[in-house]
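*Asks:* Dropping a structure here in structure tokens format, bear with me for questions.
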Amino acid sequence: MSFLLFITLGLSLTALSHCVQVTIQNPIINVTSGQNATLYCTYILNNQNKNNLVIQWNIFQAKSQNQETVFFYQNGQSLSGPSYKNRVTAAMSPGNATITISNMQSQDTGIYTCEVLNLPESSGQGKILLTVLVPPSVPHCSIRGAVETGHFISLLCYSEEGMPRPIYSWNRVENGLLKSTPSQMNQQKGSLIIGNLTDFEEGYYRCTASNNLGNATCELNLHTGGEGGVIAAAVIGGLLAAAIIIAIVWFLVVKRKQKKQLPPTKEMKTGGNQYMAVSGEANEPPKENLGASEPTETIQFHDHAENAANGETEEPTA
């Protein structure tokens, strides 16, 4: 048993002797947004031949959950990753792989890895958890529920930026003064629950998002007929617009159907194999044909009074 333990320890020491030793001075770093961050990393080589020396810094970003190269060095040449271009300064002295990153932003929060490789030795690495502290951004205030008397509603507040994570508080604004709200409030989620809305609860409300770097606020106007009235007006306006469009389409369809239902034009053959267009309605005889028709019989009557005076009678003549 002791013999096997001796062999195991011997193999472990042999492996360590052929591995680059990397030391991290500060494994946890907090830095304020906009400031510079220095990531200390030193190493010890067992093989003093540095022709195959490779130093690489990577980050696993907390926000995007992506891995990206921060800095790379090999054969006297160095380069920075796309997000860190012109932001990285490397020490590059013997045994020192320390880098300084300028103008830290919230997306720079993550786990940084310092890896040193010097073939034929195995690579060694160390990790740093870096957090960029950011004051809260201006929060977004919103209302959930119908803003009408007797309805159950809640107020919501959320900041997209902020590290440490902001806490939220709601207050009612009266004559420029902040009044506490007796309703249910969740400081972590930024929600304020108001049961059945009454006239007493109407007014202006302010949400404050804060952490140890600062605070930011937003306000909203809570009154019946406020946002609910705007939404109702928008819905009514949309319905009216839809009704107008439907009426126009219906009118055009009816007009098109009426045009299609008009009686077709008929053709009547006349002398000389010529055709003339006449309406499908009852036709009147052409005026020029009236003169060609036979004259009607005319009966003439003489004055009966004159004939009677003369004692004569006269038969009607054709």
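Heads up, the Cβ atoms here are built off N, Cα and C, so glycines get one too.
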*Asks:* Which one is it, CYS114, CYS157, that Swiss-Prot ties to CYS207 with a disulfide?
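*Replies:* Disulfide partner per Swiss-Prot record: CYS157.
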*Asks:* Would you mind checking which of CYS114, CYS141 shares a disulfide with CYS41 in Swiss-Prot?
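*Replies:* When Swiss-Prot is consulted, CYS41 turns out to be bridged to CYS114.
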